[in-house]
Structure formats: C-alpha cells, structure tokens
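**Q** Have a look at the structure that comes next, please.
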Amino acid sequence: MRLDYLSIFPAYFDVLDISLLGKAAVNGLVEMHAHDLRDWTHDRHRTVDDTPCGGGAGMVMKPNPWGEAFDDIIGTEPDLSVHVMFPTPSGAPFTQSAAQELSSVERIVFCCGRYEGIDHRVIDYARSMWTAHEVSLGDYVLNGGEVAALAITEAVVRLVPGFMGNPGSLAEESFSAGQEGMLEYPLFTRPVSWRGFDVPEVLMSGHHGRIAKWRRDESARLTRERRPDLGDFGSGIRH
Ligand code: 6GU
C-alpha cells in the first residue's frame, strides 16, 4: 500500500516514522510520502489561498496547486483503484468498516485542507478521475485535515494483513464483529489489589462461562450508557 499526504504543513507527518507505523514502513508493508503543497505554486509568496467567491469570512484553498500536485503524484489518467481522501468536518463519518475497506487498497492520497476549506472543484475533479471520499472524524472542528489524516492512517494500516503481531486482538476490540457491535469491556492485570482497588473477583475465578457473561454484561452496560446510538443492548435484566 502506498500513502501520500498533501499539506502545507508536511512536518505533521514526521511522526509516521515512529512506533508501529514506522515499523510497517521499514518492513515494506506500506510506503508513506508527505508533500508540501507549496511546491506546486509559482509565485514569490507561494500562495495557496484566496478570498471566497460570493464573500464571507476566511480564505479558501486555490485549486491550481492541488491540480498540479495530482498530476505529479497520481498522474493524469482516471483510475478508480486510487482512493483520494478529503478530511473535513462536513464529510461522512469515518468508521471502522471504512477503515476495513481501505486496508485492502493499493493507493491512498490524503488531501489536507487548511483555512475554511478547499475549492470544491478540486473534490469534483478527484471524483471524476479516482475514488474520492470526504470524511469526518466526528462532530468537532480541527484546524486542518492533517491530524485527521494521521488518525485515519493508523486506523487503516493496523488492519493491513501482516501489520498486527497477534491478529486475535483485532477481533475482540471496540467496533469489531467479535464484540457484537458493543464497546469493549474493561481490562485488568496483576496485581489483584492495587491502591485499594481490586480486580473483579469473577475474573480470577477461572470460570470461563461466568467470565464471558461478566464481559458481555459490562460491554452492554457501557454501550447503553455511552453510545445508545449503537443499538439496544437490553437492560441486562432477564424477565
Ligand atoms: Cl476529518 N477534518 C477537520 N478539519 N476537522 C474535523 C475532522 C476532519 N473531523 C472532525 N473534525
């Protein structure tokens, strides 16, 4: 998989060299390249923004540098196997199933906007050539798409076959099939007693049936409390 990042702050992507993502790059599982959008400007001030057509506050990113960057980084031929991501608070929610689908593609290009956003023709052009996605991480506003692109990268790359040391830990976490659509239950390890707080007794009982039930009940309770939007996981009381 090859990942490209187009941004006026390419230094945000220096962190891709560290941690497990860096290891995935070293092992040749993924290839990641950050680019400075200003490299595709031609004026003395390397201008990437202009005032919004129709008026209003703030600035809008000009289409020209994006188009020339696309020509050089992706090419000028249509190719639906190239996925072009536009992180934006007005995008569709980015989900675990979207991460799952992206984990099997060969090419992802992240277009990180700043200011009020990117001239919409850039998105229309990308959609006419490649597979384009406008995605949001949640209902809050970041200053630009860079941090969102990093979050999406981590969500996707850890699902690339061969990334995880123990693929079993993928099946059990929040928002995966192994949890039946519920949040993950709380985890504990030794010591059994720590600063006056004890590991729940059932987890030390060795009774696999009771442990599984406790975990299912805790998952249902947490999901009900924190994420009622995920569905009805009952009250836990049997009538
Ligand atoms: Cl994907 N981008 C920006 N700029 N802000 C966000 C976001 C994305 N998701 C939530 N807030």
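Glycine too: its Cβ is placed from the backbone N, Cα and C atoms.
Please treat TrEMBL annotations as automatic predictions, because they have not gone through curation.
TrEMBL feature annotations, pasted as is:
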type	residues	note
BINDING	G113, L137, G138, D139, Y140, V141, L142	S-adenosyl-L-methionine binding site
DOMAIN	1-230	domain 'tRNA methyltransferase TRMD/TRM10-type'
**Q** Can you check which residues sit near D139 (S-adenosyl-L-methionine binding site), meaning Cβ under 8 Å from its Cβ, same chain, 6 or more apart in sequence, and list them in order?
**A** P89
**Q** Just to confirm my parser: what is the rounded mean pLDDT across the domain 'tRNA methyltransferase TRMD/TRM10-type' (1-230)?
**A** 95
**Q** With the cut-off set at 10 Å between Cβ atoms, which of these binding-site residues ends up with the most neighbours? Options: G113, G138.
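**A** When each Cβ's neighbours within 10 Å are tallied, G113 leads.
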**Q** Scan G113, L137, G138, D139, V141 for binding-site residues whose C-beta lands under 6 Å from an atom of ligand 1 and note them, or write none.
**A** L137, G138, V141
**Q** Which has the fewest other CB atoms in a 10 Å radius around its CB: L137, V141, L142, the listed binding-site residues?
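**A** Relative to the other binding-site residues in L137, V141, L142, V141 has the fewest Cβ atoms within 10 Å.
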**Q** Run through the Cβ atoms and count how many others sit within 10 Å of the one on Y140 (S-adenosyl-L-methionine binding site).
**A** 7
